């Protein structure tokens, strides 16, 4: 269950950090009603420039993306806003792909650019509880149990 007060992860590649900070500034009132989680540098910038309280993990290339991914799989992150740069090569690209994959596997809302983030943050569902469909995960777990029991 995604509660009315959301746990929102905010992540941005270096070239997109200014755009994410600008977006956060424009949506500060809404964001202040939720719990925010970030990778290191992004969180420091949000705290410094906007005064919003955030829970910071380590920098993305040092494992912060993976820390947020782990929180998604634990059900502790409800929504991911990740301003990533598809035109720039990243040394930690496998971590980025893993984070995006986990957001999809766990069926959490995901915005990868300002336009999708604008649509997501302005959704009426942001102000209410929401039941995610995780039936595919239950089927997967059931199939794994059948495979294990046959061996």
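Placed from the backbone N, Cα and C atoms, the Cβ positions cover glycine too.
What you see is a predicted model, and the numbers here were worked out from it, not measured in a lab.
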Discussion item. With 13, 17, 39, 40, 41, 42, 59, 60 listed by TrEMBL as substrate-binding, which of these, 92, 136, is given for the same site?
Written reply: 92
Worksheet item: What Cα-Cα separation, expressed in whole Å, is found between residue 65 (active site, proton donor/acceptor) and residue 59 (substrate binding site)?
Response: 8
